[in-house]
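S.K.: Please read through the structure below; I'll follow up with questions.
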Amino acid sequence: CNQSTLQMLLEIFVWIGYVSSGVNPLVYTLFNKTFRDAFGRYITCNYKATKSVKTVRKCSNKIYFRNPMTENSKFFMKHGMRNGINSTMYQSPVRL
């Protein structure tokens, strides 16, 4: 292949990338119902609470929430774990 053909192919592929990036949001909007619903709520400022947060109990003016991330963090802190690894089970090879 000569240099001008390679340059032309490079230009074509770059433009294909631009067009793909421009069309991608339209494709998501048209074909993905979850994306359409979320986008519609975002545009109209109609926010809903997430389903993963559960109300555990109410005491006076305080509301306590429970979700998997906070429960795991509490468990790891209670049992002296980092990243799910108990410090007595794992010794770093760097330590002397």
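Placed from the backbone N, Cα and C atoms, the Cβ positions cover glycine too.
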S.K.: Please find, within the list 24-28, 39-43, 44-48, 74-78, the residue stretch that Swiss-Prot describes as motif 'NPxxY motif'.
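M.R.: Based on what Swiss-Prot states, motif 'NPxxY motif' spans 24-28.
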S.K.: Pull the DSSP breakdown for the topological domain 'Extracellular' (1-8) and write it out as helix, strand, coil residue counts.
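M.R.: Helix/strand/coil tally for the topological domain 'Extracellular' (1-8): 6 helix, 0 strand, 2 coil.
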S.K.: In whole Å, how far does the CA atom of ASN2 (N-linked glycosylation site) lie from that of CYS45 (S-palmitoyl cysteine)?
M.R.: 55
